[in-house]
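Visitor: Annotations per Swiss-Prot:
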BINDING   69, 109, 145  Zn(2+) 1 binding site
BINDING   145, 179, 216, 261  Zn(2+) 2 binding site
BINDING   182, 229, 231  Zn(2+) 3 binding site
């Protein structure tokens, strides 16, 4: 079974994200549980939590179908001790919010060395940040997203993801989300079925499908291997539709949230319908 949806707005409250997902006939969705561009957020009230859980029950969304995303400000590999601590506190808060909402996954970008420390040091800091957050929370899996490798962002090589996982003590609570645009921009080709076979074989060899907890299904405005993060609508960009059809037909991608972050929300319902048709249900 494929869970297919989009990253929907939580404007007006996190329960509104559930309603918006239902309106586009999504069987999965992503959301921010707080403003993604601010450090501080009001704690989740009992009323807000209850409304969210009631909406999920009403529209039949289980936690396995929901892939919340953390704040863009957080850098779990920050070279500066004070800034790193600020990010770690914020990440624990994000994990705690997921726990309160009954959510089992939290998707995040691994971090950036800001050209101030070595890659290996940054990756070790990210792993330690995850260990700290897992020790402070229960029931939520930290889901590392591959990046396009813009600037000094790490996570654009599968080896980076494997190194982080290697440093995480509780392997049962760490996973990976593959963003197709990021992978393509990071140098993993997806334009043909043979490309998909090779890229996902490489992923399985280096990281392992056992760690796959989600997908971001995005075409790319950016060129192959450009390390530029620019999403596009499915079939409109440089990846093309073949990869998305391939993913829909491959059972290795069953049972995880598959999230559109494509550039035109007006056609999300159409994109979801097409993906469902490719998955043949």
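Positions of Cβ are set from backbone N, Cα and C atoms, glycine also.
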Visitor: Give the distance between the Cα atoms of residue 231 (Zn(2+) 3 binding site) and residue 109 (Zn(2+) 1 binding site), rounded to the nearest whole Å.
Guide: 16
Visitor: For the Zn(2+) 2 site (145, 179, 216, 261), what does the 8 A shell look like? I mean other same-chain residues with CB within 8 A of the CB centroid.
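Guide: In sequence order, the nearby non-listed residues are 107, 146, 177, 178, 180, 181, 182, 215, 218, 259.
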Visitor: Report the nearest neighbour of residue 229 (Zn(2+) 3 binding site) in space among the binding-site residues 69, 109, 145, 179, 216, comparing Cα positions.
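Guide: Checked the binding-site residues 69, 109, 145, 179, 216; minimum Cα distance to residue 229 (Zn(2+) 3 binding site) goes to 179.
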Visitor: Report the member of 145, 179, 229, 261 (the binding-site residues) whose C-beta atom has the most other C-beta atoms within 10 angstroms.
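Guide: The largest 10 Å Cβ neighbour count belongs to 179.
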Visitor: Just to confirm: which same-chain residues, 6+ apart in sequence, have a Cβ under 8 Å from the Cβ of residue 69 (Zn(2+) 1 binding site)?
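Guide: Set apart from residue 69 (Zn(2+) 1 binding site) by at least 6 residues yet with Cβ under 8 Å, we have 7, 30, 31, 32, 36, 106, 107, 108.
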Visitor: Taking the Cβ of residue 182 (Zn(2+) 3 binding site) as the reference point, list residues of the same chain whose Cβ is under 8 angstroms away and which are at least six residues distant in sequence.
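Guide: For residue 182 (Zn(2+) 3 binding site), the qualifying residues are 145, 146, 147, 148, 149, 156, 216, 218, 229.
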Visitor: May I have the list of same-chain residues other than 69, 109, 145 whose Cβ is within 8 Å of the Cβ centroid of the recorded Zn(2+) 1 site, in sequence order?
Guide: 70, 107, 108, 143, 144, 177, 179
